[in-house]
Amino acid sequence: MLQFLHLVLLASAALALIGDGFLSLSVNKIQNTNGLGNFPNRLPIFEQLEDDLENITSTIFGKDAVKGKIAPLFGNSAFKFNKNRNKDKGQNGEILTDILGIGKSATPNATSSDENHSGAFSVDLNNAQTMYIASIDIGSPAQEVQVMIDTGSADLWVIGSQNPSCIENGGQVNCSEYGTFNSAKSLSWHKNDSVEFSISYLDGSGATGDFGQDSIQFAKDFVLKEANFAVVDNTSTEIGVFGVGYPSLESASQKYSNIPHALKEQDVIAKAAYSLYLDSSSSSQGSILFGGIDHAKYTGELKTIDIVPKDGQFLYSQIPLSHIAVSLNNYTNASPSGTGSNGAQPGIVGAASIYNGTDSFNGGVDLNDTTVLLDSGTTYSFLPKNQIESILGLFGNVTFDGSLGGYKIPCWLGNKGNYLRFNFNEEKDIDVELSEFVLEVGKEASGEGSCVSTLLPGQAILGDNFLRSAYAVFNLDDNTISLAQAAYNDDHKVVPIE
């Protein structure tokens, strides 16, 4: 029997399933008690949601799912992290960092952050399949806490030890899996009594706590003093979030210097900028490099593209996506009766136009410079429904399967050598293996696999299944994102961003 598809959405957007499609709830309408903000793993309250509730009549995604283990869709349950994810500890769960001028991978012209000069430092990210996790040490004496890295939000917040939802406090959440922070045991903690941290969710749950300052150690011999973050003592979520986006996304009405900007202000890095390298899907870890670019981690040209503002304000790390082309080179196990790119010319679906491919490409879709958010806090990728159906239409008669909660596609599309080419701003291509967008969810009666697409309809967001193929440099000072094709290797050639 086919299993149900549960799509884990871990960042700044939320989707409700309606009929044979999706209703996209705008990413910039997430509301908390202090105004606009966002939160990665539950369906938040949106400003326009009251008017839309009567239209939301079907299910939205349920809980307890990971890759290969799919759960049914039930009611208004919230997006939750699965407790059965990769629990590997050791080196994969720790910060393995070289500070330029100190570590083994230091370059001759790089300077150390402890010499009162701007440099760069790297923090390892553990690949937990549905998210990428960093380990940080907070307070005096230091307490280790793990947090999810999120380019789509701006606040750093951690689970407090007094959270009543934790098992050790009589609740049901295994808070020890990712660690908690006990502010009472830190000699350097300073609570901010004038600002509270609070976010509410559609299902009535939420996260509340205290803003404050304390020291944070990201790497050996490196401590950021008086860093601003929140300690959440009331939430049913089991892991905190390390938001590295624009301060305009902060949940508090009173804005502050979040981590990237605090690093710049304390002369640790020259600009509020960082490079994201998630490595391949099979790799146990990636990295985020604050204040620098690792030129060994990409191939071809690193192309800089201007971030698109929202209503005149730089809010999200979003750039224009011009078109997507399809290249199918491995038809192993493909059905001879299939249509589309290997058969009849697919028709035009929706408003997006199909154009004929060239060279080895089988066709593509003109996306008219759709503005897309690059979000490490989202597991899968999303585009408007008409564009998704046009892209999937290149593979033949692809239909939405309500029992699976997604678009059913041939499993052979995930064969090595088949890929999508994403073109940004008509000037930069990033190739992504189609296997990143093919998820097997069960077996047909014939014994053949049953697969669905993890390129989904909704708000325009490119998540982890895209970002693993790109080397992305987020420069919040210059309001740019630089992209190149990721190179999977163990080499380093780090240069600070000046």
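Just so you know, glycine gets a Cβ as well, placed from its N, Cα and C.
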TrEMBL annotation, disulfide partner of CYS451 among CYS175, CYS411 = CYS411
Tell me, in order along the sequence, which recorded positions from ASP150, CYS411, CYS451 have their CA within 10 Å of ASP375 (active site).
-> ASP150
Distance [Cα-Cα, Å, rounded] between CYS411 (disulfide bond) and ASP150 (active site) = 30
If you run the three-state DSSP split on CYS411 (disulfide bond), which class comes out?
-> helix
Local Cβ density at ASP375 (active site) - other Cβ atoms counted within 10 Å = 31
The average per-residue pLDDT within the domain 'Peptidase A1' (132-484) comes out at 89
